[in-house]
Amino acid sequence: METFVIGLSIASILFMVALGLAIIYGTMKVINLAHGEMVMIGAYVTVLATKHLGFNLYLCLPLAFLVTAGFGLVIERTVVRRLYGRLLDTLLATWGIALILQQLIRIHFGLGLFGIHIDGLGSDLQNVPVPGELQQTLHFLGANIPVYRAFIFVVALLLGAVTWWLIYRTRFGSQLRAVSVARNTAAACGVNDKRVNMLAFAYGSGLAGIAGVLVSGFKTVSPDMGTPYVVDAFLVVVAGGVGHLAGTFLSAGILGEVQSFVAMWLNDVYGRTVLFAVVILILLFKPQGLFVSRSR
Amino acid sequence: MLKFRKLNAFYGTSHIIHDLDLDIRKGETFCLLGRNGVGKTTLLRSLLGIDVRTTGTIEFDGADISATPTHERARRGVGYVPQGREIVPGLSVLDNILLGCNARTDGQMTVPQLVWSLFPFLKDHLGRRGTNLSGGQQQQLAIARALATDPSVLVLDEPTEGIQPNIVEDIEKAIVSLNRDHGLTIILVEQKIRFARTAAHRFAILEKGRVAASGTAADLSNDLIHRHMGL
């Protein structure tokens with residue numbers, strides 16, 4: 001049961017990161033390799049806000065969302081907007097942005113961010129303290145459930161619900177769906193497609209920022225912490241079926257649990273090996289992913 | 001109402017429209033004719049600013065819109081029914097119509113009464129996906145969506161192409177009614193000469209991106225059609 005809940009929390013992080021990635025790719029057909037850096041920035045925002053502003057983790061969630069959404073907005077307006085329709089160029093440009101962001105954080109904060117020193121490890125290998133109530137364990141069905149891991153799952157569910165509402169129940173969502181599949185038609189109907197792109201990029205980045213806040217509670221905060229997430233999130237998006245919210249949710253759940261259980265029984269390396277094997281199997285038997293968007 | 005002056009249009013390095021001058025008058029139905037590939041659709045896409053690079057000017061209601069983004073042109077009153085309908089997958093019939101309301105400057109997000117009076121059947125399908133309608137119904141939906149933009153000029157690209165005959169008549173009647181009963185200016189790309197003669201006040205035949213012939217509907221003789229369109 002504990003492993004299952006830990007798997008759910010891994011799945012939840014994957015879901016939040018993948019959801020942002022899927023929205024950005026679905027709308028703009030841009031593979032955003034700087035998406036992992038939004039996770040990293042979300043985590044650094046948490047560190048700085050707790051250290052200097054006295055924020056707790058709850059307050060860091062909206063703050064990180066706003067900051068990373070702002071980063072996303074700037075990246076879209078200054079770089080990505082000039083490269084639409086050029087997949088390879090956007091890949092290279094966003095990869096470059098990822099490297100720049102990593103190095104800027106490394107240069108600016110260095111190893112002294114936390115002001116502590118651990119012999120042999122360096123001084124910045126630390127995760128953020130979570131509020132006391134989230135450090136508890138819950139006894140459920142004879143198992144000890146870490147409350148923080150359950151909290152991550154609840155946040156992911158809430159974000160999934162908000163995103164669903166935004167996409168399927170609002171005017172902006174209708175514009176977003178129209179731009180993602182019929183850009184010219186949407187523009188001819190008065191939809192400002194550039195504005196939709198910009199807001200979608202910002203929202204997707206913001207989701208990754210929230211994931212960063214939650215990750216900072218159990219993982220080391222470091223400049224390159226986001227890189228593995230962008231790879232895993234791509235696996236989730238591809239295995240789930242591009243452009244399908246439910247597919248992303250299901251795929252994140254499966255991959256998160258697989259990784260968690262295998263890592264528990266064997267180790268992390270096997271966990272990731274099996275994860276990749278599962279994705280390959282899914283794509284062998286369902287080349288378009290678990291869910292396929294209907295578009296007759 | 002609409003003036004093209006020295007218009008040149010390009011897809012990449014392909015030069016499609018050459019130094020075209022054309023006037024469309026307020027309240028008329030203007031028909032663009034010509035063989036496949038002569039630049040009719042490109043001219044319409046130039047008017048909308050869709051994926052075409054242009055030089056020259058496009059004047060709409062006295063303002064040069066040649067550098068205006070597509071969504072702004074829609075808000076200024078250019079309604080567009082594209083070739084192939086392009087119903088947005090995943091959106092219901094109602095959402096497809098309401099998509100057009102994004103172009104309205106009064107902020108209204110309601111389906112205009114005109115849509116229900118022209119295409120009453122749409123009321124029975126509002127919750128269905130637009131792409132699940134038949135081809136003819138989709139064409140009517142595309143016209144309804146364009147009308148929801150509250151246009152002052154409606155641009156239709158082969159609206160009856162590939163449509164079942166019983167619906168073609170309804171669409172033709174709707175187009176004629178939009179012009180004669182509701183005063184809408186219409187630009188129509190059409191291959192069916194019979195309908196062009198019925199609906200149009202004036203016409204232009206394009207050849208290799210240039211106006212090869214033009215005039216009133218009465219001037220649209222069989223000889224002219226045979227000479228320029230090979231029919």
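Backbone N, Cα and C define each Cβ position, glycine as well.
Copied over from TrEMBL, here are the features:
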TRANSMEM  A:6-25  transmembrane segment
TRANSMEM  A:30-49  transmembrane segment
TRANSMEM  A:55-75  transmembrane segment
TRANSMEM  A:87-105  transmembrane segment
TRANSMEM  A:147-167  transmembrane segment
TRANSMEM  A:200-221  transmembrane segment
TRANSMEM  A:233-257  transmembrane segment
TRANSMEM  A:269-285  transmembrane segment
Per the definition of 3+ C-beta pairs under 8 A with sequence separation of 6 or more, do the transmembrane segment (A:200-221) and the transmembrane segment (A:30-49) touch?
yes
The transmembrane segment (A:87-105) and the transmembrane segment (A:30-49): do they have three or more Cβ pairs under 8 Å, with pairs 6 or more apart in sequence?
yes
Report, as numbers and ranges, which residues of the same chain sit near the transmembrane segment (A:233-257): CB under 8 Å and 6 or more residues beyond its ends.
4, 7-15, 17-22, 25-26, 31, 35-36, 160, 163-164, 167, 180, 275-276, 278-279, 282-283, 286, 288-293
Counting Cβ pairs under 8 Å to the transmembrane segment (A:6-25), which of A:87-105, A:147-167, A:269-285 comes out on top?
A:147-167
